[in-house]
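Engineer: Please find one structure pasted underneath; my questions will follow.
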Amino acid sequence: MSAVTAVKPEDVYQINDLNLWYGEHHALKNINLTIPEYEITAIIGPSGCGKSTFIKTLNLMINMVPNVKMTGEISYNGTNVLNSKVDLVELRKKVGMVFQKGNPFPQSIFDNVAYGPRIHGLKNKKELNERVEKALVDVALWDEVKDRLHSQALGLSGGQQQRLCIARALATNPDVLLMDEPTSALDPVSTLKIEELMLKLKEKYTIAIVTHNMQQASRISDQTAFFLMGELIECNDTVKMFSSPDDHRTKDYITGRFG
């Protein structure tokens, strides 16, 4: 009987020879990387290595920074998003972003989650209610807030606010979720809830997460990319990366010799 061949996941992103400058500063240098569908890709590296810059290129949030120039290719589902004809609103609808600290709008819990669908034209009240409920269920927040949906979101705890922001990103029905250090401002219990949530969400979404926490990267990710001084040093299966990395600089970083 022949051996069963593992099915390789499709690559949602293919990044080829990506370079980025802030003015004269060369921040990303010849980045080549793929991000597989329905997996968690962890992006690690010391402060200033380019990891947050990189993740913001994936839905072109980086374009909000003045004097940014990019060359190369960022292919999302076969389309180079660096093409000037790309619809940025549609791209950011399909590639959501969650930042380091929960940043709910000064509105109700309901209005925070409904914000994205509304700006994308969803007006039917029943559909909007269903979309909000589904997003809150997906982030395991529904049972905690269903009786106070019209209360101020800023009254939630830090961990709840971060889950609310994830729900807000999910409400537009994205394919990809980008997370820039989403647990760095949270306590250990809230961090664990977010990690458990990410492992559940990868059944439906492709996730890329920037993290300074090596234990977190090893716990939740399928592949890990190590950045250093604007270069991608190594991208590998997470188990291999943390047990026998190919590059000595990767080993030095994950074992705490610098960073």
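Glycine is no exception: its Cβ is also placed from the backbone N, Cα and C atoms.
Pulled these from Swiss-Prot:
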DOMAIN    7-254  domain 'ABC transporter'
BINDING   Gly45, Pro46, Ser47, Gly48, Cys49, Gly50, Lys51, Ser52  ATP binding site
Engineer: Just counting, how many other CB atoms are there within 10 A of the CB of Gly45 (ATP binding site)?
Structural biologist: 26
Engineer: Tally every other Cβ atom lying within 10 Å of the Cβ atom of Ser52 (ATP binding site).
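Structural biologist: Other Cβ atoms within 10 Å of Ser52 (ATP binding site): 18.
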Engineer: Give me the mean pLDDT over the domain 'ABC transporter' (7-254), rounded to a whole number.
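Structural biologist: Mean pLDDT for the domain 'ABC transporter' (7-254): 93.
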Engineer: Per 10 Å Cβ neighbour count, which of the binding-site residues Pro46, Gly48, Gly50 ranks highest?
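Structural biologist: When each Cβ's neighbours within 10 Å are tallied, Gly50 leads.
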Engineer: For ATP, what surrounds Gly45, Pro46, Ser47, Gly48, Cys49, Gly50, Lys51, Ser52 with a Cβ no more than 8 Å from their Cβ centroid?
Structural biologist: Thr53, Phe227, Leu228
Engineer: Long-range same-chain neighbours of Lys51 (ATP binding site), Cβ under 8 Å, sequence gap at least 6?
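Structural biologist: Lys51 (ATP binding site) has long-range Cβ partners Ile43, Ile44, Gly45, Val210, Phe227.
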Engineer: For the binding-site residues Ser47, Cys49, which Cβ has the most other Cβ atoms within 10 Å, all shown protein chains included?
Structural biologist: Cys49
Engineer: Secondary structure at Lys51 (ATP binding site) (DSSP, helix/strand/coil)?
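Structural biologist: Looking at the DSSP assignment, Lys51 (ATP binding site) belongs to a helix.
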